[in-house]
Amino acid sequence: MKILTGNDLKSGAVVWWDGQGWSLHVDDAIDVADQGAQLIAREEGAQNVFAAYVVDGEKTAEGVRPAHIKERIRALGPTVRPDLTLKPADPAALNWVI
Amino acid sequence: MYKYDNYDQQMVDTRVEEFRDQVRRRLTGELSEEQFRPLRLQNGLYLQLHAYMLRVAVPYGTLSSAQMRMLGDIADKYDRGYGHFTTRQNIQYNWIKLEETPQILADLASVEMHAIQTSGNCIRNISSDQYAGAAADELIDPRPYAELLRQWSSFHPEFLTLPRKFKIAVIASDTDRAAMRLHDIGIQMVRNDAGEIGARFYVGGGMGRTPMIGPMVREFVPLDQLITYSEACLRVYNRYGRRDNKYKARIKILVHELGKDEYTRQVEEEFQHLLSQGIEPPIAELERIKQYFVDPAFETGLSDELDLSDPDFRLWVERNTEAHKQAGYVIATVSLKPVGGIPGDATADQIRLMADLARDYSFDELRVTHAQNIVFPHVKKADLYTLWQKLDAAELSTANLDTIGDIIACPGLDYCSLANARSIPIAQKISERFVAKQEEIGEMKLKISGCINACGHHHAGHIGILGVDRKGKENYQLLLGGSEGADTSLGQITGPGFDEDGIVDAVEKATEVYLAKREGDERFLDTYRRIGMAPFKEALYG
């Protein structure tokens, strides 16, 4: 699947296109198929996001997972600071990243 | 320490207000990201893997306690309670919000700091010896010359759009503690046969994907021609440096392709022209700057004796202190490399504590080292045990300076959008694996970069590690034999790379070869240079 990611303008936070808007959680990402470029133009133009691009992903039993390690680390947070990831209370959260 | 005059302060304050307006226009949509990107980068604001990152300049690594305290406060108020000290003697914050950035810059300006020229193709923060003004082995304090260069290079209209970024280091002792010859320009302050102080210029060093050791291009530049000669070096680069290919745009490529002699000839020609233009600031300006770097009011007649009956204190003194030029004083380094920790990271509370301790025990002064540690440059020996106890209570007393635990590591793929592999977990595993062997191994410079850009200085490590992307997996190359000291050399790759656990095992095998083969007091580097790569390759791949 193709998933769309970018950064929130004010916070710089990593966000994912969920079909209606931008989510902090990669699990919410949808397959944008061949609509990526069109969505990027629209959403960046509306100042909803910046630095947007499409990456390869996979729908697994646990949720949507980007194909490349860099995007997986982007999706959750620094592997060396679990307390700063999106799921600080979940010790297993990083298992799918590496 | 240098203090801003009205002109310095006005320049920085004006820049803050200018950026405040630029951020406002970005947030309202008047500026696109394409338009805004170069503006934010000129103010040190990057977009990194997880968020905006702000890089704050620490000129030649020198900080007052008030400045250090502000760095801690910013970590608390605007970031997530910590900062990361970098290999260019700066500090970075990893979780900055765009709308708060102008106020952060205003807070920095209130203590005479900024983030200008910490990004972009300009002359970056001037780095220097972290022991400047304190070291027993230095000729003079190099910082007045670094400060003069800082003033010359700040907003220099001709050099704000160079072919690539440009880094200058200034030292004044034969023991190079600033990796001087691995900079675009490395300057060593020297004394000539006539007894005059001047500057020796090395040009065209650097790390990155094409590491080079800068050759000496001029043995001696008189003090009253320092800026003019620097300008000539930059002008030739600005004129002929490659703008068509960013990977060939650094001055090291120009010097290499032209040849040192031809580059030097062109610089000399430009230098002669510039001498007639009268661009050199009056020597009185250098004398004015020097007044800010006079020695603090050292007490005299102090004893050099230390009570080393506490074994933990003794170990820390042996590892983390250095001889001071003034009897009764010592230079003390705080290792930001706790076992299993993140190299260069410090919490807001630790940063503020170090600020307070500098105020109380080091004449209000601290230094950031390119090895990502913090220095108290002027500690009275009589105060050293008390200082150590206070550091120890804050988990800042790790006694591992210049050992295998004192690892330089870039942020790597945990934070950096350019990285191909993580650096920090490798550093953590190595520091944990070798904690019991640290003393047996002795002096060791181990440096890790998460990509070819070499922010972790892996080329200059006795042991270097380079993280690469191999078909979507992290892979780590091992290098041996690098050095950034007076005996600068570039590490050589041992062979095929290793996975995350394999690289830690490989480091262990390399150290075992060293321990088996070393003679006398040889460091790892000495043994490697004597026996060569073959025994190490045999142990790693045989």
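Backbone N, Cα and C define each Cβ position, glycine as well.
What TrEMBL lists as domain 'Nitrite/Sulfite reductase ferredoxin-like' is B:52-110 (among others). Mean pLDDT for the domain 'Nitrite/Sulfite reductase ferredoxin-like' (B:52-110) in this predicted model: 98.
Per TrEMBL, the feature domain 'Nitrite/sulphite reductase 4Fe-4S' maps to B:119-273 (among others).
Residue counts for the domain 'Nitrite/Sulfite reductase ferredoxin-like' (B:342-393) by DSSP state, with H, G and I taken as helix and E and B as strand, are 27 helix, 14 strand, 11 coil. Sequence annotations record features per position, and here TrEMBL assigns domain 'Nitrite/Sulfite reductase ferredoxin-like' to B:342-393 (among others).
Per TrEMBL, the feature domain 'Nitrite/sulphite reductase 4Fe-4S' maps to B:406-540 (among others).
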Under 8 Å for C-beta pairs, could you tell me which stretch among B:119-273, B:342-393, B:406-540 has the largest tally with the domain 'Nitrite/Sulfite reductase ferredoxin-like' (B:52-110)?
B:342-393
Using DSSP, tally how many residues of the domain 'Nitrite/Sulfite reductase ferredoxin-like' (B:52-110) sit in helix, strand and coil.
28 helix, 18 strand, 13 coil
Helix, strand and coil residues within the domain 'Nitrite/sulphite reductase 4Fe-4S' (B:406-540) as assigned by DSSP:
53 helix, 27 strand, 55 coil
